[in-house]
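Pulled from TrEMBL:
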- 1-12: compositional bias 'Basic and acidic residues' (COMPBIAS)
- 1-34: region 'Disordered' (REGION)
- 13-28: compositional bias 'Acidic residues' (COMPBIAS)
- 24-138: domain 'Ig-like' (DOMAIN)
- 229-324: domain 'Ig-like' (DOMAIN)
- 411-483: domain 'Ig-like' (DOMAIN)
- 513-607: domain 'Ig-like' (DOMAIN)
- 616-715: domain 'Fibronectin type-III' (DOMAIN)
- 757-829: domain 'Ig-like' (DOMAIN)
- 854-949: domain 'Fibronectin type-III' (DOMAIN)
- 967-1057: domain 'Ig-like' (DOMAIN)
Amino acid sequence: MPEAADAVKPEGEGEAPAEDEVLPEGEEEAHQSQEITGLFLQHPETTVAVTGTDIVFTAKVDSTTLSRKPTIKWLKGKWLDLGSKAGKHMQFKETFDRATKIYTWDMKIIKVVPGDAGAYRCEVTSKDKCDSSAFDISVEAVNVEEEHDIMAAFKRTDAGEDEGSLDFSALLKATKKKKKPVVDEEKADVWEILKNAQPSEYEKIAFEYGITDLRGLLKRLKKMKTVEPKHSDAFLKRMESAYSVDKGKKIVLEVEVVDPNAQVKWLKNGQEIKSSAKYIIESVGNIRTLTINRCSLADDAAYECVIGEEKSFTEVFVKEPPVTITKLLDDYHVVVGERVEFEVEVSVEGAHVNWMFEDQELSRDSHKYRFKKDGMKHMLIIQEASLDDIGMYWCFTNGGRTKGELDVEEKELEVLQNIADLTVKAEDQAMFKCEVSDEKVTGKWLKDGVEVLPSSRIKLTHIGRIHRLTIDEVKPEDAGDYTFIPDGYALSLSAKLNFLEIKIDYVPRQDPPKIHLDTTGNMVSKNTIIVVAGNKLRLDVEISGEPPPTVVWAKGDTAITALEGRVRTENRKDLSCFVIEGAEREDEGNYSITVTNPAGEDKANLFVKIVDVPDCPENVKCTSVGEDCATMVWEPPKFDGGVPVTGYLMERKKKGSTRWTKLNFDVFEGVTYEAKRMIEGVLYEMRVYAVNGIGMSQPSLNSKPFMPIAATSEPLGLKVHDVTDTTCTLKWLAPEKIGAGGLDGYVIEYCKEGELPKIRLPRYLRQKYLRRVGDKINLTIPFQGKPRPKVQWYKDGEELDVRVASIRNSEVDSILFIRSAERSHSGKYELVLQIENMEARAILEIRIVETPGPPEVVKVTDVWGFNAALEWKPPKDDGNCEITGYTIQKADKKTNEWFTIYDHNRRTNCTASDLIMGNEYMFRVFSENLVGKSEDFCLSKDTAIIPKIGLEYNPPPFKEKDMQSAPKFIQPLLDRSVVAGYSTAISCAVRGFPKPKIRWLRNKIPLDENPRFLMQNNQGVLTLNIRKPSQYDGGKFTCKAINPLGEDVVECTLLVRGMDGGKGGGGRVGVEYRDGEMD
């Protein structure tokens, strides 16, 4: 080993000490011996060497427990194997002591140069065992005496991470010479000067430019100087070994390649990076760059640039800025019971802060304190301040702290309303009432110095700030002095209760009788009652009078004395009832009730009106028929049931059938109706119902049978068969369609010279021609006339625009063509043929239809039992044709599954039945027309809740279960085998209450402060994440759970397998630690 008595263990890339300190040689050896673990008996030591000197590093291994001879590797950095560098500058030596079976390896560096500085590692392997030891080499320049002496000693003031004190008394001496005047010159780049200077000139340059931290200067210069990399066929310039960037900033990784056309791949932790807004990959000439925008902690990783089999490695470290306090705590002065809210603002949203009271940290599990976080604001809330809360409160972040003082005063109790003396009579109520300023103050009541206890007659109440003492049915013994004393206050409120005794002589009371008639309910006007025939009428009339009066009910001049039967009276105390069971039309009339007693008489008159459904309509008959329609008329019913008739409902059936079909679902107000959609040649019968506000009448008598009949079509194939001087023989074919009325004969017409224009409109165009939106329309209209007639088309009275439809005319027909029908194509089209002053016209109506829009305003109008009544409005858009019905669906809010309850419902209302008790239902309605069902639906604005009636659940008494238990692992750790360099994780699960504290250990050494291991606890699932493990990260991992009731331990073994290192021979060997091998 070289002479390094003054060696200082610096911060390096391997093991970083907590602080820099100079250890004596004896203490340093003892410190090293305490850290020996695994296979090494002696570890290579970290050394600070002077340029040009020789240094030797020694490692020793005991082979008594090894089955094979151990092998050693000396590495620089992460991967550089120094075995290939053996020569004049670097020599290696191996010896073996047979007596002690100890292997000794020496690495000697001859004439150390600055390029030898860096982090080194020594790895020993033997079959399935492995150990590693890291050490650093720092190279300093040769000390040269300066011509001028400077300060005897100085300290670093702004060294940052290299903070500490240095003593250069051995190197520098103070001088009493005057300082030269400072010349204002252009600021030089000190780092560029240092890069190009010799190591012997470092002290001179540091003195000249005022650099006091020589050690920090040497460390930073070592980081800036890079070892000359070996020659690469792919890269002209590689990336630095590491980069540092602040969180949220941008960083650019750049390499220079040999071939400008070379394709590179960028990898992050071994995974290829794709170009995106986060990662921008650029290629300009020989330069390849990777730009990382808005760096986060997830970007703290290892990055590679790959060309073929060659790679350039680097690591990016993301630094989080310290959290500073932007708004300090305020002092508070409150009274007992008031709310206190300390508020502080920090520089980073969502940052973690700690709260302390005096010197005690506040726990978030406390019920007294409540912690609140709102963006950058953090609040500490004390709901009810007490005298124990007086003191100083602190808020800490990793970048600052602030304090606020809380002063609490005791609140005085004020009397807002004093109690007053009372004088009450026997059997009356006495109430003492007082009001104090604090609603939380309790107290007690005293009577003549004895505490008053509550009973069935005496009630003590405390509502807010008001305290009451209520005495019901006061007795003589209740008289006395009453006092209210608030708890915790030297205060009392007193008053006196006086009992007043009154003697009363009894005089019989006489009140004239009075009838209290309720004119609400089913009375449409005063003293008029409407009853539906068949319903029950029960009229309860309250009466008063002393002595109790005699009651007499009468209809007209006839008294009603029956106590039983369909019409009867029932008399009770202060109440008389008049009952009619199953009201009939004969029960209508004037009724009276008369009450009498010795003090007088009272009388009330009532008119009972019986309403019923109307009689059936009369004289239903058919007045005219068409091809598929018929016109029906009838007379209104003679008796409207006492309520005006609102309309009629019609039904039809085929003669001989018993099945009636409804023609309308909404009442029809007129007495003339055109029935459609009938079959030509079939006999039909019709009947009509009358409807009023009470209901629907019986059906009318059936109409006489009638048959829809259409006119026959025109004859076909008319031609001249023979012609003489005075005659002409004609022949033709029978009409294509004769119709149900049969053929009686033909009418023949003729004219001189030419042929009259005539349009032969096809039968299917003589009624409305319906087509869906988007359909193609191609109508051929044949006509005749000589000479060739002039053809003209009109739409809705105006000449047809050729942009609306295409027209093609020939000598015998005209074709109307629309490629894709739209709603705007609907209307009346008129074809006009003209020959001189003669013309023929034909009108056809085209209607383009589509599915309708959804209904409007679906609402639940009533809910009773297991039923719900719904109403809605027709859709604004009917799809250009008649709405044929509605589809109603229901869904309960628990499942949100929709079920159809009505299909093709023609009304705009319905009743949903068979709903389930305790559920809440939603409803939606679709509208339908000839085309189909609407695409959208209308959802009910409100819901129908079916309440639970008559159900009462008496839960069994609940006994709280003791949930406390010692920790117990319910899922153990499993042995794992991983590849070196790839992140991994091990996990287990634990249960226990109170929540156990978790500790992770590797080879019995705690991992609490190791940044390479991330420990997580999610609802009892414990995970240990290991970032890019190396061979010496393997071993026995232990997870320990501890709480006040006990502890539990679970273990596993992590095997780290090596991977081939390529040409460099830097392959790795898998390592597995067995029990006892790490001790």
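For all residues, glycine too, the Cβ spot is worked out from N, Cα and C.
Contacts between the domain 'Ig-like' (24-138) and the domain 'Ig-like' (967-1057): present, as 3 or more C-beta pairs lie under 8 angstroms, all at sequence separation of six or more. The domain 'Ig-like' (967-1057) scores a mean pLDDT of 91 in the predicted structure. When Cβ-Cβ distances under 8 Å to the domain 'Ig-like' (967-1057) are tallied for each of 229-324, 513-607, 616-715, 854-949, the top count falls to 229-324. With DSSP classes pooled into helix, strand and coil, the tally for the domain 'Ig-like' (24-138) is 17 helix, 58 strand, 40 coil.
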